[in-house]
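The structure appears below as structure tokens.
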Amino acid sequence: MDEWTIPKASDAIRISLVPPAAFPSASKPQTFHPPLTYQLFENETIYGYKNLAVDLKFRQDDMSPSLAVAYDARLPTDGPSNDSKGDAKVDDVEPLLREYLPADTPSDLDLSESTFTPPGLCVNTYTRKGSKFQIYHSNVDDPIALDIVRRSQILVLFFIEAGSVIDLDEDWVKNRWDVFFLYETLPDNKSALVGFCTVHKYWYFSPAEKTTEGEPAGAEGTDEDRSSSFLGTITEGARFPREHRARISQFLVLPPYQKQGHAKELYNTIVEQYLAGSEVKEITVEDPSERFEELRDVADYTRLKKASLVSTAVAQNLLESRTAAKPWIETQRQLAKMPRRQFMRMVELLLLEHIFMTKSPEIDEQLEKYAMYVKERLYRHNKDILMQLEREERGEKLHETYVNVFEGYLTLLKKLQPDALVGLATSSAVDKRIISGKRPQGNISSIAETGEEDEDEEELEPPSKKKRLGPKA
């Protein structure tokens, strides 16, 4: 790279959380670099500057921002390129960043004392290492909440994989967005933002409803299309339906507070709030990252485990007949307000834990039934792809996906319930075959003939793709 290219854009960008006046004297600015810049700068590089320094600062209470851009030299935006290929375009850094900041963002941060208090209703209070934290439930219809969300949108691009900003220009969509703020409570009634989560409220289709095309309503895989269709036809000022889904959209704990258990507290509080009310019928997540999936799995497992979801009688019924267990599954799923895929994954995880914990003399038979139980779900969702394969390859591909799912459950159990895996290494030959990936005997046609509807679950790659198959993220 030439002298005008900054090979790593994040190195040139400094983000600071700055305590305003009247904050405790021990409060100090906290500065860090963004891990993600690809949504703003192609190839995560910046071209056209020497010694570029971008300072993006936020007040720790209301997140009022400032932006200052400095450099020793810069190529003219419309002048000749010094790039060896002659086709590099100078990045207009400051205007680009200001697109994602309020129009009145200054170059110097105003740190004067204010009477700021977090917006919304305090719904949870907890402590970490002697510090007090509070979570507030609000809506962007509140002007203060709206300001904080707007000021924080650029952080979504910097810290959330594939994150996108929220369009809040139309007044009629504002009450469609809930927001949860997590604040550290400081002396003298001061508050420092720790993180936030935006939640989109959108149309809920009850199981009895049908779409305009006659498709059964409520399938998890078409939520986005249905939401877009609904929002596209609604008129300004139209009344939002009382019953709706809540989709977690942006979920961010700021870097100085990460890996301290705050994300778990925030997620659990959000779920508990929506479980307690009657308006929200289902809690979903928009394009979760792997890290968020793990957080969600741990939290959902812990909650359902505490509720004793899978008892001995339930485990027996699940293993004996998936069809007979469907009414129980749907009833419990609705009570948990979970989308089908996530609920079934947690049921399978708890069922596997139950098998290992009880250590029944029939464990070999139970594990064989468990494998078929999970494979039935995987097969129904992927049958269009599987039916393109030869019979033998069909079974191998299905089992390969099952093994990936099984190993993922084992990884979670090692973290959450290690006692369940005691003695696993000396388990029977059937158990070893399942873990090692060797396909145990099983009649694929018996799965195909169940006649149940498709479910949106782990997805196989098309046959033309040669990479290792695995569950959908």
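If you go along the chain as it appears here, the first residue is 1 and each next one adds 1.
Cβ atoms here come from the backbone N, Cα and C positions, even for glycine.
Keep in mind the model is a prediction, meaning the values are calculated, not measured.
Taken straight from TrEMBL:
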- 8-161: domain 'Histone acetyl transferase HAT1 N-terminal' (DOMAIN)
- W177: site 'Interaction with histone H4 N-terminus' (SITE)
- 190-283: domain 'N-acetyltransferase' (DOMAIN)
- E286: active site, proton donor/acceptor (ACT_SITE)
- 440-473: region 'Disordered' (REGION)
- 450-461: compositional bias 'Acidic residues' (COMPBIAS)
For E286 (active site, proton donor/acceptor): DSSP state (helix, strand, coil): coil
C-alpha spacing of W177 (site 'Interaction with histone H4 N-terminus') relative to the residue listed as 'active site, proton donor/acceptor', in angstrom: 14
Per-residue Cβ crowding (10 Å cut-off), top of recorded positions W177, E286: W177
Collapsed DSSP category at W177 (site 'Interaction with histone H4 N-terminus'): strand
